[in-house]
Amino acid sequence: MIELKGLTKRYAGKSVVDDISLTLEDGEFGVLIGPSGCGKSTTLKMINRLIPASGGQILLNGDDVADLPVEQLRRRIGYAIQSTGLFPHWDVARNIATVPQLLKWPKSRIDDRVDELMALFHLDPAEFRGKYPHQLSGGQAQRVGVARALAADPEVLLMDEPFGAVDPLTREVLQAEMKRVHQQTGKTIVFVTHDMDEALSLATRIALLNQGRLVQYDRPIELMVEPADDFVREFIGQADLGLKLLSRRWVHQYQREARLQQTETLDSLHAHGWLIDDQGRPSALAGARLDDADAITRVKPEWIATPEMSMKEALSRMVWYRVMVLPVVDDAGKLIGEVGMQGVMGMQDEPEGALS
Amino acid sequence: MNAPVASSHRASRLTQVRARASGNLVLGGLIIVLVALTLGMGALEPLFHALFPELRNPLYARDSFLNLMLAHIGLVLVSSLISVTIGIAAGLFVTRPVGREFEPMVSSLAAIGQTFPPAAVLAIAVPLAGFGFAPTIIALSLYGLLPVIQNTIAGLGTVPQTTLEAARGNGMSRTQILMRVELPLAMRVIIAGIRVSVIINIGTATIGSTVGAKSLGTPLIAGLVGNNLAYVIQGALLVGLLAIVTDLLFERLERRYSFGG
Amino acid sequence: MSKVDTRSDRALRTSSRPIVGNRVLLTLLIIALASVAFLPFATLSPNRLVSGQAVMLWQACRPWQWIALAALGALLLVSAAGRPLAARPACRVALLTSLPLIALLLISLGDYAHRALSDASPAARVSQSASFWVLLFVGALVAVDALQRLRLGLVPRLGFALVAVVLVAVCLASDLLSGLSIMREFANQRANFLDQLVRHLVLVAGALIPALLVGLPLGLLARRREAWRSGLFSVLNVFQTLPSIAVFGLLIAPLAALARAVPWLAELGIGGIGLAPAIIALVIYSLLPIVRNTYAGLAGVPAGTLEAARGMGMTPTQILWRVEVPLALPVILSGLRIVTVQAIGLAVVAALIGAGGFGAFIFQGLGQYAIDLVLLGAIPTIVMAVIADFILQILVSLSRPAGTR
């Protein structure tokens, strides 16, 4: 648990962080967001004392961080930054092992931990262990950076715009991975970004900052549904608020039972059915095409949905591939349901139930 | 998408390996020639007789070439050890918070100092320290200090801020950051500075014989003064080879510390 | 909350009013004081070749000089302190103090030489000694430190340098220092001195002009034919690595043989010793920095700029002269700066093969153990190198495109 109490930072008498108080419970994914210069990075760096606070208090699981020896404090806190900050003279394994080595773990334990983390981030140890940072792609380097931050199983993970410097496609992949890692590890994370979409897709709590002050601290849905003031409304951006809402809702909330293709003919535009192969995987869709209601369409991997996919993503795939429904499959690729265009308007259950 | 990158990487690694192998051959050959000439210059006496028939003693005999070589290496080694120790210490001092105030002054001293001709520095050391070993060591150490300081400052300056921030963020202490991150990353540039310093010192030690320090310059200068070209060639060959071999050794050392940046 | 506050407040208080404002200046003052206390200011010897007796600063100075020096030292101490002066005024005071300090040192030394020699034998000599050099050095460094801290522009810095040069020149030209041993040596060697100065300059110019004529095209070639680059650079690097005296020595035999074989070359003055091998060796040394910097300058021109130039229809020649050369010029001139300073230094060694120059004084002096003669060669060489470096540094900064200076 992290508690900020009246946290303040002044430079030459000017407050860049002004009296911020908030509490982040264990296992939460907290995002600090705001326009550039709002003090979000400064706030983050005061938590591991890279920047000394001018006033206020930070409690890490009840301990005042100002009372802890600074290096010890930082070894309890994982830290990942935008440019990765990987050490160019160390290979991937040694980079990940940075903090365990500082903590003088036995070598076998370090090796096991490195392999474990590389597996967590889908980096093949055989291929990547001995590579140097300059031999990695941006996305790979960023994974190593986060793996390094997690290496010593820290109480908290701080991330300063970690995906700011990678291309949009890689960023989406990394975000999905981050979400998975958060779920698997249950870490408490403090994440700084200026990208609202990133915040909405990752956060369980969002702290919106402006000119050093905390404007609103809420769950993402509340931020969208009940913005505290015009600044919040503007910062979220009203234009595609609907789509942003959908980015916080998940396919499994809209999922319904899949209708299998029967022999009889299709009677209306919305009538359709799935063909499945002998392993239960969807192979083709009969009907439900905008351009040709009677068509049999081969199922492509690009227009399959998974229960954890956001509805925004699912909707986007429907529009792009011109189909009214997507098959929902499990990890093995088995058809477990479907999600359709008309379902977007109504939910099967309350969305927030899944979030809390 | 990864494949072409990987294969071009492999190809460049292959040419690198090939270049390194031929480099090893050249270096090995040069070392053998250097040792052989140092120990067996006498065997070439007939050759020098044939080249310079007018000379009665075409082989320098007042001292063995091995002694001269060892004296020369000794001069360079002692002075370089002094310059490297003081130079790196000074470079570290002015890049730490305590000494940062001295950085501009030390940098400009190192820059201005290097415009001083080494031979003039050597000459000026004589009124301060007399003739012989001492002024040569003083001049060589002082002069050799400057590239080391300069490159230590420059090398530590090339360590990216983000790398330092990551090191601090991961809970490294100041000493750990210095030893594990800053010095290894700056090492290539620091070694380049030591290389410059040592190569200049090998040359200046040669002139050291004019102020009374024994070195490979002794036969060379004796030959120039006594109009004995054979002596000149013997001294020049050995000192030239020594310089080239040293330079190649440093080149390999430098390569060890490049991390693809 | 209150704990954090008091901590940072205390830091704020001490950082705004430190006792020592300028630790560099303070260090320099301590060095100066130590040299005055422990090192001789001058030496008095019965003749040119015998080492003499040490004279400390307080023994050499008249009371008024003493008081003036102490006053200047006190002024510097005040500007090194954190109060009462603020940082910038303190630097200005230090800067303005440095020149009188240097002048006073020269006056005290010259004055002492005149007084000491008036009641001694004509052969007696007075020489500057360690403490004089340290104090002179400290005076110069005080100015350098103040100039760095004030971050003045090019013009004020140039102006200050000019004033300093004029000041020293006046002292040298006047009768003030004529009692000093080195100035007497100079008086004896006056005609010879000018000869060797010219000779030294001829060596340097004779090396630089051919080196530029060959090196600039080679640098361009290295840029245009990247495949040749590494070979060319390693050959030139080998030459750069060889000790200068070895190259001089190794050139003697072939050139002597050449002169014997081709008599008209010998008539032109080309032979084993003298100017010819010296200039050839200096040219070889000068090539690497010129070629390397020409290449680096050209390679540093952004690809986008070149593409834009091509896209606008410039011919390769136009691109070279209008885009590449102007953009590469600062780097090329930096190469020239390196080479000029290096050639001035190497020309000293050339004296060993009879090429003359200031090196002739140095080696002649070393041979006779005449320290003044050694200094008469060494000091002007250093001054020449520093001046050349300074001038070329200004040229480099002037050659940078406006706005990036």
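Numbers here mean position along the shown chain, with the first residue as 1.
Any Cβ shown, glycine's included, is placed from N, Cα and C.
The annotation transmembrane segment is assigned in TrEMBL to C:20-43 (among others). Long-range contacts of the transmembrane segment (C:20-43) within the same chain: residues 51-60, 73, 76-77, 79-83, 85, 87, 90-91, 94, 109, 112-113, 126-132, 134-135, 138, 141-142, 145, 149, each at least 6 residues beyond the stretch ends and with a Cβ under 8 Å from a Cβ of the stretch.
Outside the transmembrane segment (C:63-81), and at least 6 residues removed from its termini, the chain residues within Cβ reach (under 8 Å) are 19-23, 25-26, 29, 32-33, 57, 90-91, 93-94, 97, 100-101, 104-105, 107-108, 111, 142. What TrEMBL lists as transmembrane segment is C:63-81 (among others).
Taken from TrEMBL, the feature transmembrane segment covers C:93-110 (among others).
The feature transmembrane segment is assigned by TrEMBL to C:130-147 (among others).
Beyond its flanks by at least six residues, the transmembrane segment (C:159-180) meets 95, 99, 102-103, 106-107, 109-111, 113-114, 116-117, 126-128, 143, 147, 152, 187, 390 of its own chain at Cβ-Cβ distances under 8 Å. Here TrEMBL flags C:159-180 (among others) as transmembrane segment.
The domain 'ABC transmembrane type-1' annotation in TrEMBL covers C:197-392.
Among the features that TrEMBL reports, transmembrane segment is placed at C:200-222 (among others).
For C:234-258 (among others), the entry in TrEMBL reads transmembrane segment.
Taken from TrEMBL, the feature transmembrane segment applies to C:264-288 (among others). Within the chain, the transmembrane segment (C:264-288) has long-range Cβ neighbours (under 8 A, six or more residues past its boundaries) at 202-204, 206-208, 210-211, 214-215, 218, 233, 236-237, 239-240, 244, 247-248, 251-253, 255-256, 258, 339, 342-343, 346-347, 350, 353-356.
The transmembrane segment annotation in TrEMBL covers C:319-338 (among others). Long-range Cβ contacts of the transmembrane segment (C:319-338) within its own chain (Cβ-Cβ under 8 Å, at least 6 residues beyond either end) map to 208, 212, 216, 219-220, 289-290, 292-294, 296-298, 300-301, 305-306, 309-310, 388-389, 392-393, 395-397, 399-401.
According to TrEMBL, the transmembrane segment annotation covers C:344-366 (among others). Below 8 angstroms of C-beta separation, residues 189, 195-197, 199-200, 203-204, 207, 244-245, 248-249, 252, 273-275, 277-279, 281-282, 285, 372-378, 380-381, 384-385, 388 of the same chain, each at least six residues beyond the ends of the transmembrane segment (C:344-366), sit close to that stretch.
Taken from TrEMBL, the feature transmembrane segment applies to C:373-396 (among others).
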Close approaches to the transmembrane segment (C:200-222) from elsewhere in its chain (Cβ under 8 angstroms; 6 or more beyond its ends): 228-229, 232-233, 275, 278-279, 282-283, 285-287, 290-295, 297-298, 320, 332, 336, 339-340, 343-344, 347, 350, 355-359, 381, 384
